[in-house]
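Asks: Okay, so Swiss-Prot annotates it like this:
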type	residues	note
COMPBIAS	13-22	compositional bias 'Basic residues'
COMPBIAS	106-118	compositional bias 'Acidic residues'
COMPBIAS	139-149	compositional bias 'Acidic residues'
CROSSLNK	Lys102	SUMO2 cross-link
MOD_RES	Ser2	phosphoserine
MOD_RES	Ser2	N-acetylserine
MOD_RES	Ser13	phosphoserine
MOD_RES	Thr31	phosphothreonine
MOD_RES	Thr36	phosphothreonine
MOD_RES	Ser67	phosphoserine
MOD_RES	Ser105	phosphoserine
MOD_RES	Thr111	phosphothreonine
MOD_RES	Ser158	phosphoserine
MOD_RES	Ser218	phosphoserine
MOD_RES	Lys265	N6-acetyllysine
MOD_RES	Lys293	N6-acetyllysine
REGION	1-119	region 'Disordered'
REGION	139-164	region 'Disordered'
ZN_FING	281-305	zinc finger
Amino acid sequence: MSGDEMIFDPTMSKKKKKKKKPFMLDEEGDTQTEETQPSETKEVEPEPTEDKDLEADEEDTRKKDASDDLDDLNFFNQKKKKKKTKKIFDIDEAEEGVKDLKIESDVQEPTEPEDDLDIMLGNKKKKKKNVKFPDEDEILEKDEALEDEDNKKDDGISFSNQTGPAWAGSERDYTYEELLNRVFNIMREKNPDMVAGEKRKFVMKPPQVVRVGTKKTSFVNFTDICKLLHRQPKHLLAFLLAELGTSGSIDGNNQLVIKGRFQQKQIENVLRRYIKEYVTCHTCRSPDTILQKDTRLYFLQCETCHSRCSAASIKTGFQAVTGKRAQLRAKAN
């Protein structure tokens, strides 16, 4: 019974725990227990060994669990520390890089602007010193030239040594460009409308066409158009009948009666061709012209540019228009 009392004695277990707590760190419980325990353990040798073995196993398991927990904690702490060290390392590098950049910029900033300012100031000073007087002279000359041009525009007077063309007073031949300039200058002098750039349009009343019966058409305002064009009715009548390929006459109401059915557009086209050939000038396109007949030929004389050119004679009778038909067929194909 003394052995059982020793096994279940709570004081002994407490003492054993207190004795073995400092040995947990050294992990040498077996050797130290044999040295530290006195003669009390020698009295009960067989039975307490089993209890000690059980307690030692329990303590070993506890130590292993504690060591595993410590290892896990150390592992996590190492990981956390590594992460922290990495972050700190990155921040330090960034700060060092920023400091380096700041140092470089501080070193470079005072040098470059000073050089640039020195260069710019030097150039400006040189320009001001060297170009002061020529600039003023050029400005004065430009102002005087502008004033002279304004006076020329107002007065219309130009001063020049040339009294005639460029080749006058010399033995050289004139050039093609000089002749062209002379021609255009004369045209501008004679026709001031061309200088302004306004193209004069010829306005004419539209022809009034009325059907008479089933086989005839009446050109009502024939005489009015002849007066607008300043042409004789006989000449315009001959051209109309030749172009339309019909016969007709003027009745008592001064209306042109034509055989056949014709529309207003057809007569307008004929009148356009007549105006282009026998009314407008071929050089300046002015309608102020006079049609004259000389030795079986008609001549068109312009009153604005005073040019004179021949006009085609009116051909009467049947004429084959094979050329026009061939052109139309070629275009269609």
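Including glycine, each Cβ sits where the backbone N, Cα and C put it.
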Asks: For a quick check of packing: other C-beta atoms within 10 Å of the C-beta of Ser218 (phosphoserine), how many?
Replies: 18
Asks: How long is the line from the C-alpha of Lys265 (N6-acetyllysine) to the C-alpha of Ser218 (phosphoserine), rounded to the nearest angstrom?
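Replies: It is 14 Å, counting Cα to Cα.
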Asks: What Cα-Cα separation, expressed in whole Å, is found between Lys293 (N6-acetyllysine) and Ser218 (phosphoserine)?
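Replies: Per the Cα atoms, Lys293 (N6-acetyllysine) and Ser218 (phosphoserine) stand 29 Å apart.
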Asks: Kindly assign Ser218 (phosphoserine) to one of the three DSSP-derived states: helix, strand or coil.
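Replies: Ser218 (phosphoserine) sits in a strand per DSSP.
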Asks: DSSP says what for the zinc finger (281-305): how many helix, strand, coil residues?
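Replies: Once the DSSP states are binned, the zinc finger (281-305) shows 0 helix, 12 strand, 13 coil.
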Asks: Any idea what the model's mean pLDDT is for the zinc finger (281-305)?
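Replies: Across the residues of the zinc finger (281-305) the model's pLDDT averages 85 on the 0 to 100 scale.
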Asks: With every protein chain in view, what's the tally of Cβ atoms within 10 Å of the Cβ of Lys265 (N6-acetyllysine), excluding that atom itself?
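Replies: Summing over all protein chains shown, Lys265 (N6-acetyllysine) has 10 other Cβ atoms within 10 Å.
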Asks: What's the number of neighbouring CB atoms sitting within 10 A of the CB on Lys293 (N6-acetyllysine)?
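Replies: Taking every protein chain into account, the count is 11.
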Asks: According to DSSP, collapsed to three classes, what secondary structure does Lys265 (N6-acetyllysine) have?
Replies: helix
